[in-house]
Amino acid sequence: MAPSGPGSSARRRCRRVLYWIPVVFITLLLGWSYYAYAIQLCIVSMENTGEQVVCLMAYHLLFAMFVWSYWKTIFTLPMNPSKEFHLSYAEKDLLEREPRGEAHQEVLRRAAKDLPIYTRTMSGAIRYCDRCQLIKPDRCHHCSVCDKCILKMDHHCPWVNNCVGFSNYKFFLLFLAYSLLYCLFIAATDLQYFIKFWTNGLPDTQAKFHIMFLFFAAAMFSVSLSSLFGYHCWLVSKNKSTLEAFRSPVFRHGTDKNGFSLGFSKNMRQVFGDEKKYWLLPIFSSLGDGCSFPTCLVNQDPEQASTPAGLNSTAKNLENHQFPAKPLRESQSHLLTDSQSWTESSINPGKCKAGMSNPALTMENET
């Protein structure tokens with residue numbers, strides 16, 4: 001356990017303040033770009049009224065979407081595992097008293113028995129977080145900066161001072177998209193005035209510095225943002241997170257880098273949702289609850305197709321993809337309604353427990 005006291009508390013407060021420096025930098029840069037473009041370029045330097053109106057209208061639309069998506073990415077709290085993944089007080093007490101042997105493993109085995117988890121550690125053990133004292137849901141990871149387990153964690157982004165995960169990944173993608181469009185639009189409309197100032201085609205004024213530096217900044221950020229946005233578009237198309245791209249998820253049958261991929265269309269809908277009218281808006285519309293995800297690994301993992309006794313559940317082929325026969329959340333089940341039927345006559349849809357875990361699995365702790 002981390003040391004406590006006045007000194008450590010002061011250090012934590014200091015770190016929390018320092019973590020906001022990148023966000024303050026982006027905010028100040030955005031504020032300056034507004035002044036440089038809207039005032040110095042459009043109002044001061046542009047002489048054509050029609051050009052002014054068109055540029056200002058398009059600019060303010062992109063500016064508003066940029067700020068909205070950035071705000072949502074920063075201030076949307078990451079989702080943490082629900083209470084069913086936490087150990088009970090009795091189980092925690094047993095873990096503290098028992099050595100790391102068979103008795104210790106049996107506690108974890110019983111706790112994970114009915115949870116909808118299919119990923120494992122590299123050694124094939126249940127993924128357990130000592131720090132949070134919980135069994136990690138699939139695609140959940142512990143963030144050392146936030147000191148929490150984050151559902152479908154992608155990465156911790158210093159530019160938003162927040163973890164990017166299930167609750168705000170769509171907002172992060174839109175933030176990248178609108179910031180890229182914002183920079184490209186500024187660079188494209190500023191180019192002719194940049195050339196005129198560079199070749200002394202316009203008189204030296206206060207606007208010269210702002211317009212020339214604005215073009216350099218917009219062009220530079222366009223290059224970096226285009227590569228980052230392109231990379232995350234590829235991740236979405238494969239239904240991967242940044243962490244899963246660097247280290248493929250491990251399932252019961254072994255490692256599979258495409259274990260969560262359902263095909264391009266369904267992968268897109270996992271992040272953006274079923275209603276396309278919300279795709280371009282920073283409004284949460286992702287499918288599922290962040291605790292369980294459909295996979296395509298039933299054929300390789302017979303346990304994933306198993307159900308508790310008394311349940312009449314089946315899993316059928318959907319465009320050559322197989323899904324675990326477990327109850328899905330209402331929004332998540334939309335992925336399967338086109339050509340796959342689910343029989344859930346005895347399943348309580350309000351819970352996210354299903355499936356049976358292999359009692360012979362070796363249990364280990366993972367932080």
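A Cβ is built for glycine as well, from the same backbone N, Cα and C atoms used for every other residue.
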Are Lys170 and Phe260 on matching sides of the membrane - judged by whether Swiss-Prot gives them the same topological domain name?
yes
May I ask you to name which of Ser8, Ser341 Swiss-Prot has annotated as phosphoserine?
Ser341
Quickly jot the same-chain residues contacting the transmembrane segment (17-37) by Cβ under 8 Å, restricted to those at least six beyond its ends, or write none.
59, 63, 66-67, 70, 74, 145, 158-161, 186, 190, 210-211, 213-214, 217-218
Secondary structure content of the topological domain 'Cytoplasmic' (76-170), with strand meaning DSSP E or B:
25 helix, 19 strand, 51 coil
